[in-house]
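Okay, structure first, notes after.
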Amino acid sequence: MELAGKTIILGLTGGISCYKSAELTRLLTKASASVQVVMTDSATQFITPLTMQALSGRPVFTSQWDTRIGNNMAHIDLSRKADAILIAPASTNFIAKLANGLCDDLLSTLCIARDGPLLIAPAMNLQMWSHPATQRNVSQLRSDGVSIIGPANGAQACGEIGDGRMLEPEDLYEALVGFFQQKLLSGRRVLLTAGPTFEPIDPVRGLTNLSSGKMGFALARAAQQAGAEVHLISGPSALATPYGVKRSDVQTAQQMYDCAMENVGNQDLFIAVAAVSDWRVSNIARHKIKKKHDTDVPQFSFVQNPDILASIAALPQAPFCIGFAAESDDLEKHADAKRRRKKIPLLVANLGPTTFGQDNNEVILFDDTGQQHFARTDKVTLARLLIAEITKRLPTQSKK
Ligand code: C5P
């Protein structure tokens, strides 16, 4: 329901990636957006208006002489109802027309006549994309206030490999959802840890925990959508990297510590969501440990892992630090004591027996002024609420 109440004009121009726009329409309608499809003549060579009508649940417009809407001026009436226009795919030709203010069909006329935001997702062969004329046109569009989403790098329909692929439907969806979020963290840099750690005991086994990474990944996504430059350091997790987020994968607590320390300079915020192992095995076996007889059990000795959060909070130029806590007993006492021990301004304590792997969470925030309870909700919503709370407490100046 992330796009409930939003009306999106989805403009299709000529390109093989029109097939991705069919899936994008599904994603948008599933998120409760109203999708009004407008297609150029060339687009109808690649996918039929009927397909797009069936997926969007609305008649598709292709002609500027169409009189089915409002006061018979489709180019005005359609754009006035839209919260945003997204052109996906945007061809080389269409970008050139937009950059020069040409309007010789419904879609280009609608873009010129619009009174709201315009986003475009370029899709073309790599030579067409890197051509100086296209790059000139794209810069012109940027300075005209148009948001350019992508393109991606990879294999192209023509068989060549390089920049020019239209972003995948899921990425376009994410970019659009992000576009509508308040830019509370604009110009800020955020470093996060998320997921479990894995401490080896031999080359094929190890100690880990039940953290899925969902809360940390949701916070990384919410921070990126709030306008921050986000770097996510993740323990082993199968979750997809949120759109626009830089990700570093690590296994052990020591690797997470090293990666965090290496990247903490210039960060405005550090959010430690990872469930970091407090100990690691000091006598890791070089070869897989074999069971020699029925009563045989291996002996391990442990050493403590570094505390990433406490170490970063103790740095002379420390970013604003936020910790998470999961306790099995006496949450309030332990959580606030932990916040004071680690010398951090804000700690988020998970309520309930376990939040690991769940899609929702209920938390209490602890800071110098006391506690604040957040009712159980899904982790995506909670992440947005937490980013808003964190923003209120941030020093006004960015470190950049
Ligand atoms: O001490 P405890 O593990 O309960 O503290 C939880 C908080 O500290 C979390 O934010 C977690 O990410 C962080 N932490 C850390 N490094 C450790 C242990 C915990 O950054 N070695």
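Cβ coordinates are placed from backbone N, Cα and C, and glycine is handled just like the others.
Database features (TrEMBL):
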- 1-189: region 'Phosphopantothenoylcysteine decarboxylase' (REGION)
- 6-176: domain 'Flavoprotein' (DOMAIN)
- Cys158: active site, proton donor (ACT_SITE)
- 185-392: domain 'DNA/pantothenate metabolism flavoprotein C-terminal' (DOMAIN)
- 190-400: region 'Phosphopantothenate--cysteine ligase' (REGION)
- Asp278, Lys288, Pro306, Asp307, Ile308, Leu309, Phe324, Lys338, Lys342: CTP binding site (BINDING)
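Where TrEMBL records a feature, it is marked here on the structure.
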| residue | record | Cβ neighbours (10 Å) |
| --- | --- | --- |
| Cys158 | active site, proton donor | 13 |
| Asp278 | CTP binding site | 11 |
| Pro306 | CTP binding site | 15 |
| Ile308 | CTP binding site | 25 |
| Phe324 | CTP binding site | 26 |
| Lys342 | CTP binding site | 19 |
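Ile308 (CTP binding site) falls within a helix when secondary structure is assigned with DSSP. Between the C-alpha atoms of Lys342 (CTP binding site) and the residue listed as 'active site, proton donor', the distance comes to 56 Å. Spacing of Cys158 (active site, proton donor) relative to Ile308 (CTP binding site) is 48 Å (Cα to Cα, whole number). Secondary structure at Phe324 (CTP binding site), taken from DSSP and collapsed to helix, strand or coil, is strand.
DSSP assigns Lys342 (CTP binding site) to coil in the three-state reduction, outside any helix or strand.
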